[in-house]
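Only one structure is covered here, and it is reproduced in the block below.
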């Protein structure tokens, strides 16, 4: 390595973060009733409270433009200081042109077109791939001192049926560089990659996936086991001590729905029991003993084991996992953004007590790709401090200012989007009434399938206009091609 | 950086390489006649000789399985030694499940599922993104001493019309690690990224792109200019001398068709002239003088400039570019594999004289993303030597053993593929007569859209079978899910 540069590259990781999610959402409780599902099926069965969805003026491109613009502004980052921009997404709008190229509009204005990176794709894992790529870039010989920027953006929608309540939508942006308050413990990392058809999108004309829910859940847990076992092995080889869940302060899981997160943490606890970790107490040992001779396959199918392990892990779940579940429960599955929305939830809920703590992350993308990795936290400074990140995330206010939509309206929107997916030559209703100031939105798709976006006026502009121009509403400046 | 590991990471780059392209191809001359195009339109106008295409038993997945298996075998690389696998492709078969996951079948067998990386996507650039990611990984703190593997795989097909003869198909695999015969000069690298609709794939139900040929060519040349100017600036800042085309031994361009490669090199020459490079001789100066006052826009449109610059650059083109054009002219546009097939052509044609030489690469993906970067060559050793790479590539024999198909058959195949794109529940004809031993092929797609592949028996197995079993043909072992 070029030693002269080493000094600038300690603690490479996440310097800053912002999240955007649509203001339109539907309560799982009302969706349950609307769908004629048994009471509690979505709220307790899936563990979800609410689900965000894109109205006809929003998509993964508009959401990512909104969140990148917001991050640059709120953390006062000059767009010229970005040297790499990578996007993780599984929401395909164009099969060739990357979402990254749309985001280049933000940087072309100031003459910065020398920005590496494209889109990473494999189901919900693409954001993690983009993030790891960006961190590697900062640590590589080709780093030029500028920041990396990672965007996770997805709109998760499902055909009518049991998977529909597991949708969601959001975009997250993360700024990457050295001396980060959220840095990577590079050597504690393990992946599990395999060829499986648990969830995939082979019907190219439809936005909806093909899902084998039961297989997908088993694949998730198998991948979790495999990653955790490798992770522990690597940790133990390097550190010399056995790793157990007591060695991390938080566990953050990719969250298709909250119930699977509960099962996942219980599964780690069961792993610790099977690995004879001293951290597993006697009461738990006794309760898990009946399951110690199960084969792997049996253990994934046993409802009794599921119940017993969730019960013995419950007190630790409340401490080590619960703080990460805020946004995923309120927004739903955000695909690539899901894991990082869960991380954002921990940062938001616990920022004042995270100094020196460790967060273990588990990323899963069907098909399948998965990685478990470790983050080390420190308070950071000024704009790039945990407390400032929490204040920019502004989760409570963002959640509270949302508009609860009736299930009928949600279903109607999805119907409309089915017709518009991959379509050309249409205009949207341009209804921006629910969008926060500064939000990008889709105005039309022309006869050549080209997409045009506009931006709702920023807060200051909106305020100024209201003051000086008799309060006429303005939709801001053109931002099309 | 972790200094203890630096020693193992000099000269990170390409250790080994292999290419696979379909045995089915069509002569551009006969396609010209079939299409009723004027004589020379495809052969001289586009500069292409022949075009490879996938028959109904081949696709980007089968080609990539073939080339990865072949690389591991020919360079005697244990599949356990692969720590990262990345795929670049713009040929979408599934919108969520990555091509990388299909390739995991090759590694799952030996228990190696801890392999990072997914698919990188933006038109023809994805392979370069994957390659740069892999090199960064080897130079990062998370490198664990294993090899990276990069796969570029694409099938380029166009709707009937002027773009159809610019198709092609191939898969390339590259092994990445330190002490490579083909290493990256990390600091000489410049990108140009922008939001453009020159070539894209918004019609999700069709494999064919939407192309604005004229715009795409201008975008390519503008991106080339921008990258070259930044590249020169970075070189000059670091080295202190002016950079000109005399400072590289070869220039390798992404090649949608050969004529654009000719124009591109002439454009670099014109750049050197405008930058007052001492390497531009007096005769050339005189001939280019009339164009010295053109605006950028005018210079892209001027046919006279195009002619004049190609003429003055011709003698250098023959030396510095011609050796890279062999495979692209014979196979056609291979999208992500195109640039690396051109590199393979240089390695194959010039391996014995490359020691110490520099190759400048230009990667372009519509939409748009582009990077210019520099490679330094050394002879290397044993299996990872330039001469062994050339012998594994075995270009002449691979090209000569192809089957020239009639244009009617080519058109018929594309018609069939139009129906099968995104379709389910069909069997292929399983005709492997033209496939070389060891080639993977598609057997069927089931009612759940799941794809199943088989492998034609390897040479040794085929030979053994022929010897001991009365010559019954065998299609090898099952490789489905």
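Backbone N, Cα and C atoms are what each Cβ position is placed from, and that goes for glycine too.
Note that TrEMBL annotation is computational and uncurated.
Here is what TrEMBL records for this protein:
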- B:10-181: domain 'Hydroxymethylglutaryl-coenzyme A synthase N-terminal' (DOMAIN)
- B:90: active site, proton donor/acceptor (ACT_SITE)
- B:124: active site, acyl-thioester intermediate (ACT_SITE)
- B:182-456: domain 'Hydroxymethylglutaryl-coenzyme A synthase C-terminal' (DOMAIN)
- B:216, B:259, B:263: CoA binding site (BINDING)
- B:254: active site, proton donor/acceptor (ACT_SITE)
I'd like to confirm something. Which of the recorded positions, B:90, B:124, B:216, B:263, has a Cα closest to the Cα of residue B:254 (active site, proton donor/acceptor)?
B:124
Taking the recorded positions one at a time (B:254, B:259, B:263), which has its Cβ surrounded by the most other Cβ atoms within 10 Å?
B:254
Across the domain 'Hydroxymethylglutaryl-coenzyme A synthase N-terminal' (B:10-181), what does the pLDDT come to on average, as a whole number?
97
According to DSSP, collapsed to three classes, what secondary structure does residue B:90 (active site, proton donor/acceptor) have?
coil
Could you state the whole-number distance in Å separating the C-alpha atoms of residue B:90 (active site, proton donor/acceptor) and residue B:259 (CoA binding site)?
23
Below 8 Å between Cβ atoms and chain A: which of B:90, B:254, B:259, B:263 make it? I'm asking about the recorded positions.
B:90
Using DSSP and three states only, what is residue B:216 (CoA binding site)?
helix
Rank the recorded positions B:124, B:216 by how many other Cβ atoms lie within 10 Å of each Cβ and give me the one with the fewest.
B:216
For residue B:90 (active site, proton donor/acceptor), the number of other Cβ atoms found within 10 Å of its own Cβ:
30
To the nearest whole angstrom, what is the C-alpha distance linking residue B:263 (CoA binding site) and the residue listed as 'active site, acyl-thioester intermediate'?
19
Helix, strand or coil by DSSP: which one applies to residue B:124 (active site, acyl-thioester intermediate)?
strand
Length of the line joining the Cα atoms of residue B:259 (CoA binding site) and residue B:124 (active site, acyl-thioester intermediate), in Å:
17
